[in-house]
């Protein structure tokens, strides 16, 4: 046991190299040191528990349907409402992450989704189930701050790996709930409660965990390597111009006042033409074309939608969310 503790302490104390913005350039998976690795583990575990609660009612639907006398249409509509809410929430949550940071946004989503989850036992009909799952769908929006959090903590060198790991581990909550919720249900029945009361008590457990997580990350984690989101370090923006775009006139502007063959107004116009630097749309388009050729990328945002692999990935992701009706 002592040897394991020493190993964990050694890994925990491992120094993590960072870039100019303070973002981590490597992993220490067994470490929970602030700010990088603690935020890493907090992001995926919060996402994990959010998905566990989001799908928490699903394993209990056979019992709920029997006790409340619901139809298959009620169950199907409740699933649609749950996903519909998540789509809307994910669109809204992005700007909130930009404004308040991932830590506060994640905490707010966890606590907001935990309230309807804990009140699931109050439903009495199909309409109540649909409205309930609509509000519980808020928890599906935790995917956005989860990805945002690791993007703020890890450098471009490994940020893709970090996002993949927290997203994959968090999604496991959707499967883990089919082990957790039936287990809680059977445990409560074994303690002496009937089926009607057991499912109402079982849904409270993940809700309580979400509230505890939401409160704890506010005091134990960081938004970015600099701590609070308001203290984040932004990359410096530099404007570079090619040498051929710099206009220099070593000889200066000719003194047109000594040219007697031009009227005074024409002299002024000629002088202004000599000194005025105009940037036309053609110049800008040529500049953008040169930059794109230097970077080697020719695919615009409109063209990317026509790429077959992108369309296939979109279809796969869209069809992977489904529910098997009992």
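Note that Cβ sites are derived from N, Cα and C of the backbone, with glycine treated the same way.
A TrEMBL annotation is a machine prediction, not a hand-curated record.
Predicted, not measured: the structure shown is a model, and the values here were computed from it.
Looking at the stretches 3-23, 129-149, the one that TrEMBL records under the feature transmembrane segment is 129-149. Note on the transmembrane segment (197-219): residues 42, 45-46, 49-50, 52-53, 56-57, 60, 63-64, 67, 103-104, 106-111, 113-115, 117-118, 120-121, 139, 177, 180-181, 184-185, 188-189 of its chain, located 6 or more positions outside it, place their CB under 8 angstroms from a CB of the stretch. When Cβ-Cβ distances below 8 Å are used as the criterion, the transmembrane segment (169-191) is approached by residues 43-56, 58-60, 63, 142-143, 146, 197-199, 201-203, 205-206 of the same chain, each at least six residues removed from its ends.
Counting residues 6+ beyond its ends, the transmembrane segment (73-93) has Cβ neighbours under 8 Å at 54, 61, 65, 105, 109, 126, 129-141, 143-145, 321, 323, 325-326 in the same chain. If you look at the transmembrane segment (105-123), the same-chain residues 6 or more away from its ends with a CB under 8 A from one of its CBs are 42-43, 46, 49-50, 53-54, 56-57, 64, 68, 89, 93, 96-97, 129, 132, 135-139, 141-142, 144-146, 148-149, 199-201, 203-204, 206-208, 210-211, 213-215, 217-218.
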